[in-house]
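TrEMBL annotations:
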type	residues	note
DOMAIN	26-496	domain 'Major facilitator superfamily (MFS) profile'
TRANSMEM	12-30	transmembrane segment
TRANSMEM	37-58	transmembrane segment
TRANSMEM	101-121	transmembrane segment
TRANSMEM	133-155	transmembrane segment
TRANSMEM	161-178	transmembrane segment
TRANSMEM	190-208	transmembrane segment
TRANSMEM	220-242	transmembrane segment
TRANSMEM	305-327	transmembrane segment
TRANSMEM	339-359	transmembrane segment
TRANSMEM	371-392	transmembrane segment
TRANSMEM	404-424	transmembrane segment
TRANSMEM	471-492	transmembrane segment
Amino acid sequence: MAIGALVESSAAAGYSGQVTSFVVLSCIVAGSGGILFGYDLGISGWFVVALAYLLPFFQRWNPISLALQSPKAGLKFFPDVYHQMKGDRNVSNYCRFDSELLTVFTSSLYVAGLVATLFASSVTGRFGRRASILIGGTVFIAGSVFGGAAVNVYMLLLNRILLGIGLGFTNQSIPLYLSEMAPPQYRGAINNGFELCISIGILIANLINYGVEKIADGWGWRISLSLAAVPAAFLTIGAIFLPETPSFIIQRDGNIDEAKILLQRLRGTTRIQKELDDLVSASNISRTIQHPFRNILKRKYRPQLVIALLIPFFNQVTGINVINFYAPVMFRTIGLKESASLMSAVVTRICATIANIVAMVVVDRFGRRKLFLVGGVQMILSQIMVGAVLAAKFKDHGGMEKEYAYLVLIIMCVFVAGFAWSWGPLTYLVPTEICPLEIRSAGQSIVIAVIFLVTFVIGQTFLAMLCHLKFGTFFLFGGWVCVMTIFVYLFLPETKQLPMEQMEQVWRRHWFWKRIVGEEEEEREAAGSIALSTT
C-alpha cells in the first residue's frame, strides 16, 4: 500500500524478510474494504441534506399518500423536517437540521454493525479472516442494490441495515488481516492503509455527491447509493483469491508446513524459522482458549481490554464523525450554499487523505505515541478555535460572513489532518497488535462494537446537541480530546516494530500496567507452588 515494492527489513526481534509484492497486493485488496466504510460515511452527510427534497417523492409511493392523490401529501408526515431545512420557519440556525428521522436514518447502520461485529468474531476465529471479508462484501453489495432501487423510506432503512451488517464483518476482520500479514517493522504503515482507504472512500463519495447534486429531476442520489456496490464487488471478488494469514492457518489445523510455505512467500526469504516458532507458540496457547470473550475479562488481559474499550471510544468523541456525517450540513448552516458546502467537504477530505499518507510514512519511524500526542494537541486547538469563531460570529438567526465561514473551513482542515495521522489510523492498528492471538478476534470485535455504539449515540444526539449547546458543542469535543491525550501520555506503551507474538513485554515494562501483569504472574506462580506442595 504506499510502500516500495521490495523493502529490506532490519532484523527486528530476530525476524528476517522484506515487504514483497505479494504482501502489498494482498493488503491492497483487503485494505480496500476501508473504501466501503469511507464511502458510506461520505454519502451519509450529503444524503441528510438531500433527504428533505426526497421526502415528497418517497411519500408519494407510500400507500397512504397515494390515497391522498397529492404530490405534497408527504408533507403531512414530515412537515417539521421539510420546513426547517427549507428555511420556511423562524428556526435557529443551530436547530435547522434537528430531526429524529434524519438521525434514525444515519444511525440505523451502526446498530446493525454493532450486532454483526459480535457475530463476526466467531466467524473470523473459526473460519478465518477471509471468510468474514467475503460475507461483509457480499452483504454490502445487497444493501447497495436496495439503496439504489429504493421507492420508500423502508427500503432506505433496509439499505442502511444491510450496509451495517457488511461493515460489521469487514471492519472486524480486515485490520486483523493486515496486521497478521505485515512484517513487524512495517506493520504500522500497512495497517494504516485501511484508514487511508477510508479517507479515499469518503473523498470519492464527496466528489460523486458534488457531481450528482447538479443532475436535474433529483435522481442523482440513486447513483450515489448504487455506486457503493463497486468497491464492495472489488473486495468480494478479490477476497476469493486472498490467502489466509499464517497465524490462522496454524491456529485452524496446525498445518505448519502450509504456514511455512506461505510465510516464506510473504517475507521473500527462507529464513523465517524464528517468526514461525513464535506463531506456533501463540497458536498452541490460542487452542486452549474456548471462550475468547470470557477470557478477555481475566486479569491477565486487563491492559488489552482497557485499550480495546477506550481507544475506539476516544476515537469517536473527538467529533470526527460529526465532520464525516454532517460536513455538508454544517457548512450550509454557517452560510455556504449547497454546492459550496459539498465542495468544502471535498477539501477537508483531501487534507485528511494527505495526512493519512504522511502517517503511513512516519508511524513505524516515530511510533504510535508521538502521533497520538501531536494529533491530540492539534485537534484540541482546532475545536477551541471553531467554537470561538462560532460564538463570536454565528448567532441563532442570520448568516455568517463568508470570510469567517471559510476560516471555519480552514480550521476544520487542520482538525481532520490531525485526526488522520493519529487517532484515525491508530485506532485500528494499536488494538490489533497488542492483543495476543487467543483473544485477538474478540478484542477487535470489541473495538468495532464500541466504534459503532458510540457512533450511533453521537449520530442520535449530535443535531439535538448542536441545537441546545450551539457553539459549546465544539468545546465539549475539545474537552474530550484533552482527556484522551492525557490517557495516551500516561497509559499507552509504545508498540512500534515489536512482533505481535512478543507484545506482552511492553506491559511488564510500563509503570502502571506492570503492577497488574506482575500481580497476575505472582498469583499464578503461587498457585503452581501450592499445587506442587500438595502433590
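Glycine is treated like the rest: Cβ placed from N, Cα and C.
Unlike curated records, TrEMBL annotations are generated automatically.
Note that the structure is predicted; figures quoted are calculated from it, not measured.
Under the criterion of 3 or more C-beta pairs below 8 Å, with sequence separation of 6 or more, the transmembrane segment (371-392) and the transmembrane segment (190-208) do not qualify as touching, having fewer than 3 such pairs. Here the transmembrane segment (339-359) sits against the transmembrane segment (404-424); at least 3 CB pairs are under 8 Å, leaving out pairs fewer than 6 apart in sequence. The list of residues near the transmembrane segment (471-492) in space but at least 6 beyond its ends in sequence, with Cβ under 8 angstroms from a Cβ of it, reads 306-307, 310, 314, 317-319, 322, 368-369, 372-373, 376-377, 379-380, 383-384, 386-388, 390-391, 394, 423, 430, 462, 465, 510, 512-513. Highest Cβ contact count with the transmembrane segment (220-242) among the listed stretches 133-155, 161-178, 404-424 falls to 133-155 (criterion: pairs under 8 Å).
For the transmembrane segment (404-424), same-chain residues at least 6 beyond its ends with a Cβ under 8 Å from one of its own Cβ atoms are 195, 198-199, 314-315, 318-320, 323, 327, 331, 334-336, 344, 347-349, 351-356, 358-359, 362, 371-372, 374-379, 381-383, 385-386, 389-390, 393-394, 484.
Restricting the average to the domain 'Major facilitator superfamily (MFS) profile' (26-496) gives a pLDDT of 83. Within the chain carrying the transmembrane segment (190-208), a Cβ under 8 angstroms from the stretch's Cβ atoms is held by residues 1-3, 19, 23, 27-28, 31-43, 46, 174-175, 178-179, 181-182, 223-224, 227, 231, 324, 342, 345-346, 349-350, 352-353, 356-357, 359-360, 363, 420, 424-426, 428-429, 432-433, all 6 or more beyond its ends.
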